[in-house]
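Okay, so here's the structure we're looking at.
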Amino acid sequence: MTNLSRRGFIGSSGLVLAGAAAVSGRSAFAAVPEAPTMTEATTQAPLMPTTGPDYQPVATLNGWSLPWRMNGDWKEFHLVAEPVVREMAPGMKANLWGYNGQSPGPTIEAVEGDKVRIYVTNKLPENTAVHWHGQRLPNGMDGVGGLTQPHIPPGKTFVYEFQLRRSGTYMYHPHSDEMVQMAMGMMGFFVVHPKDPAFRRVDRDFVFLLNAFDIEAGSYVPKVNTMTDFNLWCWNSRVFPGIDPFVVGKNDKVRIRFGNLTMTNHPIHMHGYEFKVSCTDGGWVDPAAAWDEVSIDVAVGQMRAFDFVADELGDWAIHCHKSHHTMNAMGHSVKTYIGVNKKDLAKRIAKIAPGYMPMGSNGMGEMGGMEMPLPDNTLPMMTGFAQFGPVEMGGMFSVVKVREGLAKNDYKDPGWFKHPEGTVAYELKGQKLGEAPRATSPDSGVKSAEWRAKDPRKPSLGPDGKPRPAVKNAHSDH
Ligand SMILES: [Cu+2]
């Protein structure tokens, strides 16, 4: 018997269980542990260790960690693969597939050396299997449907048993109709804490998975066959402004870990600090081998963890540096109109297509502060308001909020940063600028292009006044 279960046995809960078993005549433990479910999409308080070596539990961004039970010297978890409704940001919900009520599934946390038994119940309408990405384990526990085990049919429960040989940063995801099941949101984080509580220890440890969905405006189900042109770029199936902030105390040692289960790479950039990559899904990085970065690219199927000491107070942006990934539900075929005088054009197009709104002539920034009519269950392309106005971001964006005097494990949003006086960029007033000659903008004298609005319902006429033959390629008239 391990130290942990002995402690449980002499505790009061152990006595209650023993008593219940005596009365019912059943084993102290039901054959399959309970499968808890989560109904909220907000970051839940970390799950403190109650048995075994001490460790700093992780905070799963807009997620939670899966409770377990000890059964002898086995740590037992129960995952349920099932359809879920996930709020992706206030104002938009999606019908996804996930585990235990949410997408992604709960984070599994355990300790190096633990023997884990993971029950997986399939409540999906099709087969599944779970692969434990990055783990050293017996081949038959690797979770590749057809290759290392039979697929788990709907309604059935399979059991995975293995010992956690290495501490580190891992994930789990289906290896059965993988493209569809990951496009539907099935995935979860798996953290193995070091046996030595002091090893690479930090004060705050955040985890999230990068995922992407293609959900048409006004609809709820992702298009699972999309390969690259996704319109919702997510951290843990959430988009900004729905992604919770990373709340840290001043001088905390902080670790941020993420894994990429999208179809493209993501250069994750954090403002305000340089950091060092401390861990990948292959294991810990020797500190002597790490160099300072402010952006770290995470390729498809990879995981990265970086560490820094939070010694600069403030609200520091953290985001994917691909600027199309900090947008929500945008149409990529929108034309660029910067510099075009289209006041008149918009009016003419609106006659044919009511509600038409062209991209701004001065850029798209003006859309961040605009209230546009949108279909139900559709998020604005870029929003999120902070203390100085619209942030003009969506998708893979959040804020690292570094504050003084936070209690340990207090992850409550502290609000916006109170900048010390004289430390915010300010408008120059009361002075005349010396002006050198500038290039003229299209609105200042250059002849505007001639625009015509064409009604697609009417045939276009050739120079002879007769309808032109139908054109196959819809792009040929641009
Ligand atoms: Cu990205």
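Placed from the backbone N, Cα and C atoms, the Cβ positions cover glycine too.
Going by TrEMBL, these are the annotated features:
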- 1-30: signal peptide (SIGNAL)
- 88-196: domain 'Plastocyanin-like' (DOMAIN)
- 220-336: domain 'Plastocyanin-like' (DOMAIN)
- 429-478: region 'Disordered' (REGION)
- 449-458: compositional bias 'Basic and acidic residues' (COMPBIAS)
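Look at the domain 'Plastocyanin-like' (220-336): DSSP puts its residues at 7 helix, 52 strand, 58 coil. Taken as a whole, the domain 'Plastocyanin-like' (88-196) shows an average pLDDT of 97 in this prediction. With DSSP states grouped into helix (H, G, I), strand (E, B) and coil, the domain 'Plastocyanin-like' (88-196) comes out at 9 helix, 52 strand, 48 coil.
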